[in-house]
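Feature annotations, courtesy of Swiss-Prot:
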type	residues	note
BINDING	Ile87, Glu88, Ser89, His227, Glu228	substrate binding site
BINDING	Ser89, Lys90, Arg256, Gly257	NADPH binding site
ACT_SITE	Cys188	active site, thioimide intermediate
ACT_SITE	Asp195	active site, proton donor
REGION	261-281	region 'Disordered'
Amino acid sequence: MSKYSDAKELAGLTLGKKTEYANQYDASLLQPVPRSLNRDDLELGDSLPFLGHDIWTLYELSWLNSKGLPQVAVGEVYIPATSANLIESKSFKLYLNSYNQTRFATWEEVTERLTQDLSACAGEAVLVEVNPVNHYTNQPIVTMEGECIDDQDIEITSYDFNAALLEGAAGDEQVEEILHSHLLKSNCLITNQPDWGSVEIRYQGAKLDREKLLRYLVSFREHNEFHEQCVERIFTDLMKYCQPTKLTVFARYTRRGGLDINPYRSTEQDKPAHNNRMARQ
């Protein structure tokens, strides 16, 4: 369990509790989670060591137009890593469901309402795109860049999170490379439900021992944290134990409740070059 799973800030969340589904617009359904909960544990101060965003894809976004005809769209939301709060995912789902039987005059009105509400919950301006389904007709299914480190003939007997598995992972050779793994799995901080993801690590610096890196990533398998928190933990652990001069950690998680979350943290830029989905998304 996480060190802060019993924090008072989490006590009022609807996550893990039986809830009613509203179908009329209700911004009060959104619930923030202070980023400081895990950042204090990681000993991160006000000056963050990374840039980044949490990129959400909204696959179940629907409302009624002014004549009552249902509209459907796919939303993309970019929440800055500098925001005071992340947005709890079940509350996000319930909030989106509240649009289902609500009339809006234009698509622009929906975008503006989403932007206003999500920014208020996050505590910082959020970027929202609302796109018609055919916007994605020719979008490719992609994989992560670089080399996959998963095909290693190693034995693993422990699945308890252990950052010290990265000790000695930095070699003597200086490289610039991209590695990825599809074996990232952690558990929801509140419900203990599994969260499945892939993670891409782009870095410049001492060459990483791929066996040590894979063992470290697998150690998240029984770890309880939200997606965004896991990615920040990976970033800070790599910085601590391996000290690269450049580092980007980008995870893409499978969707739940019509939402997927793709946290991006980097020393170089605040967003990835694209937001194309992967096979498991």
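Glycine is treated like the rest: Cβ placed from N, Cα and C.
Other Cβ atoms within 10 Å of the Cβ of the residue listed as 'active site, thioimide intermediate' number 18 in total over all chains. Ranking the binding-site residues Lys90, His227, Arg256 by how many other Cβ atoms lie within 10 angstroms of each Cβ puts Arg256 at the bottom. Listed in sequence order, the residues of the same chain lying 6 or more apart from Glu228 (substrate binding site) and placing their CB within less than 8 Å of its CB are Arg35, Asp54, Ala81, Leu86, Ile261, Pro263. In terms of Cα distance, the recorded positions that sit within 10 Å of His227 (substrate binding site) are Cys188, Asp195, chosen from Cys188, Asp195, Gly257. When secondary structure is read from DSSP and collapsed to three states, Asp195 (active site, proton donor) falls in the strand class. Mapped onto DSSP classes, the region 'Disordered' (261-281) shows 0 helix, 7 strand, 14 coil. Around Gly257 (NADPH binding site), the same-chain residues six or more apart in sequence whose CB sits under 8 Å from its CB are Glu60, Ser89, Lys90, Lys93, listed in sequence order.
Taking the Cα atom of each, Arg256 (NADPH binding site) and Cys188 (active site, thioimide intermediate) are about 11 angstrom apart. A sphere of 10 angstroms centred on the C-beta of Glu88 (substrate binding site) encloses 21 other C-beta atoms. The recorded positions near the residue listed as 'active site, proton donor', taking a 10 angstroms Cα-Cα threshold over the set Ile87, Glu88, Cys188, are Cys188. Cβ environment of Ile87 (substrate binding site): Leu30, Gln31, Pro32, Val33, Trp56, Ile79, Leu118, Cys121, Ala122 lie under 8 Å away, each six or more residues apart in the same chain. Asp195 (active site, proton donor) is surrounded by 23 other CB atoms, counting those within 10 A of its CB over all protein chains shown. Between Glu88 (substrate binding site) and Cys188 (active site, thioimide intermediate), the C-alpha separation comes to 11 Å. The record gives Ile87, Glu88, Ser89, His227, Glu228 for substrate. Within 8 Å of the mean position of their Cβ atoms, the other Cβ atoms in that chain belong to Val33, Asp54, Leu86, Phe92, Phe226, Ile261.
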